[in-house]
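According to TrEMBL:
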| type | residues | note |
| --- | --- | --- |
| COILED | 86-229 | coiled coil |
| DOMAIN | 18-217 | domain 'Autophagy-related protein 16' |
| REPEAT | 273-314 | repeat 'WD' |
| REPEAT | 315-356 | repeat 'WD' |
| REPEAT | 357-398 | repeat 'WD' |
| REPEAT | 414-440 | repeat 'WD' |
| REPEAT | 498-528 | repeat 'WD' |
Amino acid sequence: MAQAKTAVAAGARWEARILAQLEQRDLRVATVAKVIHSYNRLASKVGEYASNTRTLEERSRELQGEHERLLEYERANGNVSNIRANALAQQRITELEKEVEGLKEERTLLYRTQATNAQRLLDLSDRMRDTDERMRQQDLDIADSQEALRRANNKLNDVQATVKEKDGTIEILQDELSALQLEIVQIEERCARLQGENDDLVKRWLKKMNEEAEKVNEVTRELELIKRKSAALSPRLDGVSLDDDQFFANVPASANGALRGGAVAPRAAVGKIDARMEELHSIALSRSGEMLAVGGQSNTVKVFDAQTGDSIYSLAGCLKGINHVDISTDGALLVAASSDHTARIWKLDTGRSWKTLSGHIGSVVTAKFNHDASRVFTYSQDRTVKVWDTARGLCVKTLFTVSSCHDIDLLDSEGTRLVTAHMDNSIRVWDTATGKRLHEAAIHREQVMSVWASRSGNRVLTNSYDGTLKLVDSRSLDVLAVMSAPGYRPSRNWARASLSPDERFAMAGSIDGKLYIWDVASGDLVRSLDIHKSAVCDALWDASGARVYSAEKSRYILILQ
């Protein structure tokens, strides 16, 4: 549009210049016409004078001849009076001769004037030729300008037609956008209405289930007491049913070999904790083994006594469900990654919310402390990893992962190196100080669901939707071991695998509720435990390696030895 306006303005300027030049040419032509008219009048007068002069000369010659004839005649006759008359005639002739001389001088002056006018006429003719040449050149320029203006007008018409067509397209798109926005608003209203109805149904269902649970608890309280006493006498839980909502057996850690040189490969459940959540997503255990944190679809994090199963805190503050929880090494802080685009930190000595980490524009998938809890590392569905200053609650670095992730873990105690599990079948190692990608490798055939770094940070355990676990060297990303088992099938987004503290065993849960344990050195399956009723979402050893805490998607956490 701007080019079209420029072309129109240039055409207007050309027209103005051409009109001015035509006016100047008309003025010069009028001047030359006046000069030519004056010249013609002068030439006419010069002709008249020349004709008169010729007439007078002829008359003078006739008189001269007549005078000579008279003189001859008078001389011959001797008449004195005739001589006098001849004297008068001679005087008249002299006067006529003077008059002829005057006319000759006037004619000479007229010739000179005619010559001057002729020269001026020649000059004006030359100037007219030059002017005509310039006018011809200007006519050519005008023709070129008109052609350029015609092309510009054609181009302008084409541009205007294109703009008109695009305006029509924009109007159509705007209409479609308005229709889609209206449809989205209607869908959102319908979703909000359905969500409200669903929330109401869930509340009513929960209320009813709680009422029934209270009734069952009242009836079975005595039975539980008897079962606990019985379990305390039997390290193998003889006669205890996993169908109970909550039970514990006092089995010493050494009973299964934890103190005889490493972590255990669990054989049976010795306890069960009812998280009282519809859906579990993540569990975390304090380094001391005293507290167990549970996050799920509920917007609260629940903290239990890991030894007795008693509830300690219900940490509120998140607006939506919890995707991941982590407890600091010293057990003082807990961080939760929430679907409300934030991560929140609580102090576990008081159970009160301390910091809210806001800055992501998508659901926060994972949140982890470094060793001294001075930093928190979060990953969100907005495809960024953010590094937070824990004390100030401020983001100090943002890493753009480009590809979507499922999980992250730290490769050193400070968190200067980070490993990410990606949906494009790859894992990537990052420098969190510079935000640069150090290494990457596509080591699986399908999405990588989780990454678990060893305590040394030299090895990483990956779990993939292709049904394999792989032990990878974090420096070269070479695969050191591959673990799989018939029937093992991880559930999408519910498939975190873990290493034992001594890196002897690897563990992961299946979508059918089975828990699989592999020997890392050989890659062989040690055993599988069919102990859960729904998909296993998380499983981990305590710091000593003596116990395993395994969480299923629906409500319960089992303690195994």
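Here, residue 1 is simply the first one shown, and the rest follow in order.
A Cβ is built for glycine as well, from the same backbone N, Cα and C atoms used for every other residue.
Just so you know, TrEMBL annotations never went through curation; they're auto-generated.
Given the structure is predicted, the values throughout are model-derived calculations rather than measurements.
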Using DSSP, what's the helix, strand and coil tally for the repeat 'WD' (414-440)?
0 helix, 16 strand, 11 coil
Any idea what the model's mean pLDDT is for the repeat 'WD' (414-440)?
95
Using DSSP, how many residues of the repeat 'WD' (498-528) fall into helix, strand and coil, respectively?
0 helix, 17 strand, 14 coil
For the repeat 'WD' (273-314), jot down how many residues DSSP puts in helix, in strand and in coil.
0 helix, 23 strand, 19 coil
